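For reference, Swiss-Prot has these:
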{"type": "ACT_SITE", "residues": "C116", "note": "active site, proton donor"}
{"type": "BINDING", "residues": "K22, N23", "note": "phosphoenolpyruvate binding site"}
{"type": "BINDING", "residues": "R92, R121, P122, I123, D124, L125, D306, I328", "note": "UDP-N-acetyl-alpha-D-glucosamine binding site"}
{"type": "MOD_RES", "residues": "C116", "note": "2-(S-cysteinyl)pyruvic acid O-phosphothioketal"}
Amino acid sequence: MRKIIINGGKQLTGEVAVSGAKNSVVALIPATILADDIVVLDGVPAISDVDSLVDIMETMGAKIKRYGETLEIDPRGVKDIPMPYGKINSLRASYYFYGSLLGRYGQATVGLPGGCDLGPRPIDLHLKAFEAMGASVSYEGDSMRLATNGKPLQGANIYMDTVSVGATINTMIAAAKANGRTVIENAAREPEIIDVATLLNNMGAHIRGAGTDVITIEGVKSLHGTRHQVIPDRIEAGTYIAMAAAIGRGIKVTNVLYEHLESFIAKLDEMGVRMTVEEDSIFVEEQEKLKAVSIKTSPYPGFATDLQQPLTPLLLTAEGNGSLLDTIYEKRVNHVPELARMGANISTLGGKIVYSGPNQLSGAPVKATDLRAGAALVIAGLMAEGRTEITNIEFILRGYSNIIEKLTSLGADIQLVEE
């Protein structure tokens, strides 16, 4: 079993660079299946989700070379083979293979997606879109089969009943080579959607409106190879900014796009966090007295659900009472009892997280229950006096590139150990 050991209470300083966006790259890699030639992705993070996707792609017949943060993907040998379990089951983003395989072959058999257990995720929105485009859906054990019965996908007008990043991206991928025009209404607007649309357009797709709530895709016959730079990970950036405000003595977070973090930065401003926003970086000063705030997550450009948990340890340093309400994923509260184990005055009440501060945390054995809860526990461990042991760390390694090395470079006493 692997665990992370932190000896906390140390002031951190220095500079940390944000890696490429996890929530982009897990869609970009499957999207390359649509290309007729080599696609090169730059800025690919060193996370286990990428390792799993590379393994799956190679199993399907893709040839992949990896040079540091660059992936060179040759999808020409990809075969339409069933992918019922294994790596697929541990990976929520496996559902992007539905769209890419449907777009290339008109059929796909893929294991039901895994990932973090955060409550209902609207996979039905994906299926509704595929069915509108002419695909049928059936189930074979733990797998789902989508097929067009030899006919090409057809463009369609699709209204998303709920704003969903995954369903919006998956529909774009499937529609890129469909016959005719596809219009997605009530589309999600996240930067990662723009990133995937940019890749597809650079491959020859005709996609307009990404980043707005109406996206139009004119299907094309073929897509070619290209080179693409993955956008910076706004969630990783927010995580390090929150950490810097909680325990830093002057930390510069680089490779940041401020416009992707405006609602998050606005809440930090409300708390009284002192920071300087530069062209592609944010310098976070050592903080004094912070004020408790209340937060409600919402789809982009609102406060990101993925930043709710990483921000929680910083909130615990603030004076006063506050609350967190996650309207996107109702089960995103599993970090609360772990933080309480470290001495935090925090609890759940009617689906809402409530807290009082300031708090002095103490090191304790804790368990990461999902990716962002794990990030919260790492920050809490850095803040706490004494030793913190975090288990179930595979969740953390799914989404934070070189996290041990990055924190060590800032002066943290943190290590990954095998037992």
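Here, residue 1 is simply the first one shown, and the rest follow in order.
Each Cβ is built from the backbone N, Cα and C atoms, and glycine gets one as well.
Overlay of Swiss-Prot feature records on the structure.
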{"residue": "K22", "record": "phosphoenolpyruvate binding site", "Cβ contacts under 8 Å, 6 or more apart": "P45, I47, D49, D233, I235, E236, R398, G399"}
{"residue": "N23", "record": "phosphoenolpyruvate binding site", "Cβ contacts under 8 Å, 6 or more apart": "V165, E190, E192, D233, I235, D306"}
{"residue": "D124", "record": "UDP-N-acetyl-alpha-D-glucosamine binding site", "Cβ contacts under 8 Å, 6 or more apart": "none"}
{"residue": "L125", "record": "UDP-N-acetyl-alpha-D-glucosamine binding site", "Cβ contacts under 8 Å, 6 or more apart": "M160, D161, T162, S164, G166, A167"}
{"residue": "I328", "record": "UDP-N-acetyl-alpha-D-glucosamine binding site", "Cβ contacts under 8 Å, 6 or more apart": "T297, S298, P299, T305"}
Neighbouring C-beta atoms (10 Å sphere around the C-beta of D306 (UDP-N-acetyl-alpha-D-glucosamine binding site)): 23
For I328 (UDP-N-acetyl-alpha-D-glucosamine binding site), the three-state class that DSSP assigns: coil
